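Read the structure below first, then the notes.
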Amino acid sequence: MTVEKPAAGVRTYGGLNILRHLASLGAHPAAVAYSMTTLGAGMINSIFSFYYVKLFINKYKISEGAFHQSQVVYMVWNAVNDPLFGYLQDNSHVPCFSQRRLSILYGAPFYAIYAPGDWMSGVHLMVALCAFDGMLTFVLLAQCALFAEISGHHQSRLRLIKYNQVASLIGSSSVLFCGLLSQNMDDFPSFQGFTVLVAVLACGCMIYTGLHSKSRFDTKGSAPGSNYQGSGQSTLSFSLVFMVAFCNNFTMIFAEHLIPPNVLPSLAKSFMYGAGFICPQLVVLSSQSLLHGLGYYKIILLTFYVEAGMAAVMLVLGPHHYYILAFFLTANMVLVQAAFSLFNLPLADIIDSDLQRHKRSSPLSSMVFGTNALFTKPAQSLAPMLVVSILNQFGYENLKDAGRDANPSDLEALHTTMFYLVCVVPMCVAALQVSAWKPFSIRNSHTVDTMYIDG
């Protein structure tokens, strides 16, 4: 296996020896370097997205009004910063913007540095979300661009997906270990200590990517005529992000209310939550041969059909089949995350098509991902806003800590609402996803050796 030379200006600190060692072990150095950012981001993102709603609602006692205000500010910032950073990364002549590896290298410490405090919960939530997402966008946009720019070969991209899923599998296990060590956040000092450790490890992983990754277009000029108009897949992307946020933020809350502790104790639920983050990577890894043979288009479409079918069956069965409900909650997380994990493939094909159609000297990779996020990122705020509003209409704000002292009829109304949310939301969103995905025209990239010439 040939080991590529480090990108221009990279101070390797023995990095070339590391790459040679990886090659001698049969690992692909470029794929390892790319996937290290996924490992770091997976550790942070899994914990942040899974716990932040419960942390601020149950621990910091944030009011519904302050929660919504924070989510609105976050929604606006979340939508604006992606195309902004995308434009800078594709058009700037400043190396820390224009070179993907430097964007990751310099952005990594800021991405990992945020640690939660315990003051002014409304302002705190707003600052937490905006600061976290700003650096997440800067770093992960560069990584998404690397996905399209490391190689134009479909098989090479599937290899990146494979390495990426292994890294994501390891990174997402942080939710499992965090739940076990902190007793699902009941031991709050342990929770805080674990998150600090994760931040340090994640920063190191992303710095590795910044030192050792390389884009084929690092030495080429910025793309002229940055007139990318969007992919036409905004509805599908929005629904995917909405469902990821819905599952990540509320699976724990739904499980604690709908599945009695005598049926599934806290330890079993910790493994259930961990499985929801770990199994999607196993599903994608086990689907490599299907991705080679059938292509991502049919796999993603099948995922939407299965998601809708499972939700319909669960709705018919009712809320009292607790073990089936636990399986459904976990399986729904798995399907949603698996479909979302594959979505870089169609976006990369869109980048290839745009590069060829407009005869650009370099692709608008960050702009494609950034513009896509302009329409999809608001879903990350809308999902928790809508669900919290619905739950509070049925007394969740007052009943969440009431326990046995709660009025049985009020609690039953809340639980019924939760169950319908668990079933109806995935079923309706999956139907929308099928209608949005069917017209997608780039379906056979898995049968083409390369979309454009590497160089």
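Heads up, the Cβ atoms here are built off N, Cα and C, so glycines get one too.
Annotations in TrEMBL come from automatic prediction, not curation.
For reference, TrEMBL has these:
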- 31-53: transmembrane segment (TRANSMEM)
- 102-119: transmembrane segment (TRANSMEM)
- 125-148: transmembrane segment (TRANSMEM)
- 160-182: transmembrane segment (TRANSMEM)
- 194-211: transmembrane segment (TRANSMEM)
- 236-255: transmembrane segment (TRANSMEM)
- 267-287: transmembrane segment (TRANSMEM)
- 299-317: transmembrane segment (TRANSMEM)
- 323-347: transmembrane segment (TRANSMEM)
- 368-391: transmembrane segment (TRANSMEM)
- 418-437: transmembrane segment (TRANSMEM)
Problem - Contact yes or no, the transmembrane segment (323-347) and the transmembrane segment (418-437), 3+ Cβ pairs under 8 Å, gap 6+ - result: yes
Exercise for the section: Please work out whether the transmembrane segment (267-287) lies in contact with the transmembrane segment (194-211), by counting C-beta pairs under 8 angstroms that are 6 or more apart in sequence and asking whether there are at least 3. Expected result: no
Problem - Contact check, the transmembrane segment (236-255) vs the transmembrane segment (368-391), 3+ Cβ pairs under 8 Å, seq sep 6+ - result: yes
Fill in the blank from the handout: Same-chain residues at least 6 beyond the ends of the transmembrane segment (31-53) with CB under 8 Å of its CB atoms are 19, 22, 104, 108, 111-112, 125, 128-129, 132, 136, 139-140, 143, 146-147, 150, 159-160, 162-164, 166-168, 170-172, 174-175, 178, 185, 191, 195, 198-199, 201-206, 208-209, 211-214, 244-245, 248-250, 252-253, 273, 277, 384, 388
